[in-house]
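Q: From TrEMBL, for reference:
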REPEAT    5-88  repeat 'Solcar'
REPEAT    101-215  repeat 'Solcar'
TRANSMEM  63-82  transmembrane segment
TRANSMEM  102-124  transmembrane segment
């Protein structure tokens, strides 16, 4: 499971954490995506009730199979990459992979992790958003319904709803459709916004995370207790979440959905 400087258990822990986070967080993530990119929702409660009435409980878990399969791998790679990058930096700078990292070391490891995460996370995020928005309102201009039509009827610029619209049968069909219509670059639509979000975002997350882990580790122990790691993760995420997520997420969602229904 381990070597002198490389630890596989960091990847396993990230995989388990990723699966747990998807199951718990996907319903709220669906609501967040609908609010950021949708029309007709008055507030969060109205969005929740609308989804439940029109799509039942399963509407909150729309598109979850792909994140469950992919984000587990994503989290595994992110946490494994960060932990092992720390050790590689310590090995290079201090000659000992277990030497405590300084602030500069943590910053470099965090930024590299954020940059690497976009390569995996951009396609995952795009497919997840498109599957979540399957039944979302379609803008009239995207369907080329705005203006005068052949029978002379003038359709104003507005939103129209197409019941039970299903562009994608599932994540695999979604990926293949994107590749056929947009090419490989289509899977990375909005990646620029993700870089602006994740590079500083992971830096703001992992530095407090590492600091809290060190503070919560007893001096008699070589590694933090699992409860200390959970607490450190919660404190770090709570400290930086308001500053790193919403604007870039909104831009990312809007960019990836811009041509979905064209």
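Glycine is no exception: its Cβ is also placed from the backbone N, Cα and C atoms.
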Q: Would you kindly list the residues that approach the transmembrane segment (63-82) from elsewhere in its chain, counting only those six or more residues past its ends and only Cβ-Cβ distances under 8 Å?
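A: Residues 7-8, 10-19, 21-23, 26, 30, 109-110, 112-113, 116-117, 120-121, 124, 127-128, 130-132, 134, 170-171, 174, 202, 206.
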Q: For the repeat 'Solcar' (5-88), what does DSSP give as the number of helix, strand and coil residues?
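A: Helix/strand/coil tally for the repeat 'Solcar' (5-88): 70 helix, 1 strand, 13 coil.
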